[in-house]
Amino acid sequence: MMSEVSSHCLTERQMQLAVNDIERLFIGKVVPVLIVFGISGNILNLTVLLTPAMRTRSNVLLSCLAVADIVFLVFMFPHSLAHYKIFAFNYWFRRIYLGYKMHLLAMLNWASAAAIWLILVICLERLMGIMNPLSARRHKRTSKTSVVVTVIVVSTGFLTSYYHFSYYCAYKRFCNGSQFHAMCIRSDSERWFRNQTNPNSAFVKAVAHWGPHVNAVCVIVVPILLVFISNAMLIYTIRQRQKQFNPQMSYKSESQMSGSQSRTEQRVTTTVCAIVTCFTITQGPSAFITIMAEYYPIHHEFMIAVTAVITTMVVLGKALNFVLFCLSSANFRSRLLQHTKRGLLKSARHRSISTNTGTTSVDSASTLKHGSHPSRAPFVKARTVSQ
């Protein structure tokens, strides 16, 4: 809703999109660095995990998690830019950002919800894999993985779609049209702009009212609890399995081969366990704050500062996956080095070919410049023979 243009000019304080200095520091300064690092790291994760030799069920699920994290970080970037004055006071940035802010939040929450359920599936897959390795190897490559991922993406998109309808924003231009400002109100609010009656339908009001409650249960509470329980079981199982890998109990032939395969499963499980543990630590506080903000809304600067710190923790968790892969998986490190060397060799070879092509062109031009025309030699020779 765009109202008439006002000649009144807003102050710099009223135009700012950041509430306090703590929010400006974490969201505006720290988060952009983490976003760049996280996107770069997750892209590197994908280049390794999606190679034919690494394309197992666990790695496909981890690749989907990397894609979800990239989507989250990309849609988080405009919120960080809004904390810089050069963007916060720019008319067109404000018009685009404030006009689509709720849709950006919907995409953020969709990616976050998909990541939570993917983490749970990854944890359960590893738990079943280490408890029943033969079954895991038999079903290592299956189309069921794509079905599970599709169900997660569609269902979480549906559960978080209420963000698109939960708020209604009114826009107004101040200072003779040079300042763009917005004010948003819940779609199910009894109070409306200019003391008017809420024009939204009963369906929109119901979605705006019940959407957060369903989201809190199905996207936050249930998956976080299940991730915590399954991760605890995974850690316990790893410790129990480590007792079986005593060097004094090594055997040859088939038993030795089986032990090698089990150790491979063990290393994969350790990597997954590190990622899930990091996820639980960095995402858990965010779930608590989200629920508290929904049921006990506190518009205090202290709570806004706490939310900024916790949001930074969430972004940090998305950015740390690459570091965790490098630290916990020697196979991942070696594959990454191989890809890097291969890329550098291709780049050097391409540069060498370009240089040689350029040298050949220069030599040809130099030959033509000095009057040595190769096409004339057969003509002169023909004249000599005819004489």
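Don't overthink the numbers, they just go from 1 along the chain as shown.
Just so you know, glycine gets a Cβ as well, placed from its N, Cα and C.
Feature annotations, reproduced from TrEMBL:
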type	residues	note
COMPBIAS	353-369	compositional bias 'Polar residues'
DOMAIN	41-325	domain 'G-protein coupled receptors family 1 profile'
REGION	348-387	region 'Disordered'
TRANSMEM	25-48	transmembrane segment
TRANSMEM	60-82	transmembrane segment
TRANSMEM	102-124	transmembrane segment
TRANSMEM	145-165	transmembrane segment
TRANSMEM	214-236	transmembrane segment
TRANSMEM	272-296	transmembrane segment
TRANSMEM	302-327	transmembrane segment
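With pairs at least 6 apart in sequence, the transmembrane segment (60-82) and the transmembrane segment (214-236) have fewer than 3 Cβ pairs within the 8 Å limit; the two do not touch. When each of the listed stretches 25-48, 145-165, 272-296, 302-327 is scored by C-beta pairs under 8 angstroms to the transmembrane segment (60-82), 25-48 comes out highest. Model confidence over the domain 'G-protein coupled receptors family 1 profile' (41-325) is summarised by a mean pLDDT of 83.
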